[in-house]
C-alpha cells in the first residue's frame, strides 16, 4: 500500500509530539516530512530558562536529535522556512524554493513574542526570550555587574530575570500591572513572590510602563513613562505571545487570533490540521505545554484514521521554574461569587495555599512555598471529584488523610504504646500520652514543646493531634488558626495591613478592590479596622472616612443608653482651674445635667442631646478646652499625681511631665484605646503600672512601663527601661506608641499585643538601636502633625451642613 | 361599586443628598422617630428608629450592605425586611420609601407594626 504524505510545518514541541503519538498508533501510514525554521532538532523550549541560568546545558534540552528522525524515516528540512501553501495543488513552498507535496498537512507554527512598537526596539540587545538563538545572544551580553532590564513580570519574564541574575547581572523587572504574574496569582501570593525575588537580589518595579529603549547601536537604557531611565546593557521583552498565523492566513485558512480548529484539531481545510500555540480552539489560545500535548494526542488519533479522540479544554496549571521558589497555580484561583476559598498561610515559612471550591468541587488551586500536593489537587479538579469528605484535610494534602478523620481516631486508639509516632525524634505513642496526662497538656504546641513529637518534619502532625484528641476526649479543641479579619475577606489583619503598606493603598474602596473583598462595602468589623490601618499607615495622605468610624468616633462623643451623649473635655494631666470649672458648671446648669468625675481624672458632662453637642463644644472651644477623645480608639488621658511640687514623698515632677505628655500625645489614633499615667514616686498614686504606658518617678529619673490594663482583665505593666530625663521618657513613649500603632491589630490593646509579640521583641525594637527608636519616634511626630486636630473645633468652625447633628424634618405632607 | 381608599400618607423627608451614602438620619414624625437609611448602593429605607434589643437609635448606626448596626450593642437589622440578623431576634417596622424629584418620600401607613413580617409572625397574631 502506498504511503500517504504528511508534512509537519514547525519542528517544535507540539508538532513533534503529535508525530511521536502518530508513530505509536500508525507507524507505517505516512511518509513524513518536517520543516523547521531553526537549524536544530526538536528541543524543549520550556527548559530554556535553565539553559539561561546555567542549570542545564543546551544538550539536555534536546528532545529529538537527528538520529531519531532518521530512525523513523522522517525527512527533516531544518533551517527551511515554509512561506506558502498551495492548497489546490496540495504543496508547501519553502523560502529557498523547495516544494513538497502533501496529502495531510499539520501546522505547528507556534507563537511569536509580542513586541511593542516602541522607540528603540530595533537596538541591539533588545530581544525577546523564545528560542535558543536569543538565549545565546543573552549569554554573550550577560557579564557579572552588567545591567539587565526585563520588561514583563509574567512567567517567562521572571524566569529570564532569574536566569540573568544567576549569570551575575543586576536585574530589574519592569511590570505594567500592580502585581506579578497577575494571570496566575492573587495578591498575597504575588506579594510573597515579589519578596522572594527581591531576596534573590532582583529588583521589581510594579505599575511601570516602558516608553522606549535608549542607545546608539546597542541598548543603553530603558525609559519609563514616569520619566525614569533604567540603565541596561540588555533588555528582554517578555510581555506575552501571540499565535503565529501568518502562513495559514496567507494561504486562506480561517484564522482569528489563532488558526481556528475544531475538536479534532482540523482547520477549515479538512486536509490541514493544526496543533500547539498557533491554534485557537473554542476561543482559547495556548501558551502552556500540557494542553498542547493533549492536542498532539488528538491530532495523532485523527491522522491515524481512528477518529474517536476529541480535544477539550481542561483547567490550566502553571509552575514557575525558579530554583527555590515553589509556585503552582491552576484553574480558577480567583474566587468570586459562588466560590468558597480555603486558605492556609504561614508567612514565616513563606507558605501560602489557597483552594477555591465551587459546589463541593475543587475549581482552582494556588500553592506557594509548598507544592507537594499539586498533582493531587489537579486530579481532583480535572475529574470534578466531590471533595466534601476530604474537605477537613484538603489544605493539608494527600499525605495527611490517612491519619485524620474517624478512621484515624480508631487507629490511634488501637495503637500500642510502643509504636513510634514521630520518626524524626523517636517519640512513641506512650511517651506522648504520658506527657499529656502528667503535664496537663492541651494543645499541639504544648505537645511539641514538651516531647518534640511532630516538631521536626511535621509529617506526623495528624497522628499527634489524634492522640491528643483521643487522650483528652472532649477537652481537646484544635489549635486556632490565624483568622481572617472578618467575614468579608479571607485576609488576616497582617495581610491587609501589609497590602496597604506595600501597595500604597489610601482608600477603603481601593483596599477592598485590591484584596478582593467579598462584600460591596464591608461590615462594622472591617470598615473601622481598614480606616485605622489607612490613616495610621499614610498619615496626611489617607482620608479619614467618618462613615467607617465606630459610632462614638464618628460623632466625637459617647452615646449613652438613652441616646444622649456625654461630653468630656481634655484636662491636661488631670490639672484644671477655676475658669475651666466655671465653664463646665455653666454648661451643667444650662442643660440641667450633673457633672461626673471620670476614671481618667476628668469631668464629664452627661445627658447632652445630639443636636446640642455642637453648641456645647463651641462653648468649650471658646474657653480653650479641647475634646478629650474619651470616645476614641486613641490616646486618652494622662493620669498623674501631684508630684514633688506638692507631695512630700515625690521624687519627680509627675504633674509637669503628665501635662507635657498629654499635650504632645493627644489626638493620636491607636489600634485600641491607649491610656497613660505618670506617678512621681514608686507609691504610684497615678496607677501608672496598669496603664498602656506608665511613667514612674524614681530618684534618678523615670521608670518606663508598658502594656498594663485594668478592665475585664487586669494586667500589670512590664518594665521597659529606666531613663534619666523627661525628653528621653517622651522619646521612648513616642517610639513605643508608634510601634504599637504600626504593628498592633485593630482592637488589640497594647497588653494583648505585647503578649502576642513578646516583651523581648518590644525591647529589641525600642531599646537595642537608638537610631531605630528615633526613627519610630519621628514617624510618630510626623503623624501627629495631622492627628492633632480637635474634632469639636473642626465641627464648630465648619460650614458643612449639619447632617450629623440635626435630625431630618418633615417638610410638608406630600401628595 | 366599592372605592378602595388609599390610606397611605406620604411625608417629604427632604432632599436625597441630605443623607450620606452610606449613612442614616433620624426623622421625627407623627409616628415617632423614623430612621431614614441610605445604603452605599443608593437604596433608601425607612424603619422605626428603635432597636428591638434595648431601644437604641438605629439612625445613629453604621450602614453597610443592606444593613444597619445599632450603635448601642451592635444588633444588626436587615433593612429590606426589618428583621434582626441572626442569631439575634426581633424586628422593627419598615415604611415604604420612594424618591421623587430628588426628594425622599416616606409612606406612613396607619398600622405598620407587623409590616416587617407580612403579618405572619407572632406579634401580629398576638395583636
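Cβ from N, Cα, C; glycine included.
Residues A:641, A:681, A:685 are given by TrEMBL as [4Fe-4S] cluster binders; from A:647, A:710, that same site also lists A:647. In this chain, the domain 'BFD-like [2Fe-2S]-binding' (A:421-469) does not touch the domain 'Nitrite/sulphite reductase 4Fe-4S' (A:632-766); fewer than three CB pairs sit within less than 8 A of each other, excluding pairs fewer than 6 residues apart. Other residues of the same chain near the [4Fe-4S] cluster site, with their Cβ within 8 Å of the Cβ centroid of A:641, A:647, A:681, A:685, are A:642, A:643, A:649, A:650, A:654, A:679, A:680, A:683, A:684, A:686, A:697.
Neighbour density at the Cβ, taken as the number of other Cβ atoms within 10 Å, is lowest among the binding-site residues A:641, A:647 for A:647.
Cβ neighbour count for residue A:685 ([4Fe-4S] cluster binding site): 18 (other Cβ atoms within 10 Å of its Cβ, all protein chains included). For the domain 'Nitrite/sulphite reductase 4Fe-4S' (A:632-766), the number of residues in each DSSP class (helix H, G, I; strand E, B; coil) is 52 helix, 36 strand, 47 coil. The domain 'BFD-like [2Fe-2S]-binding' (A:485-535) scores a mean pLDDT of 92 in the predicted structure.
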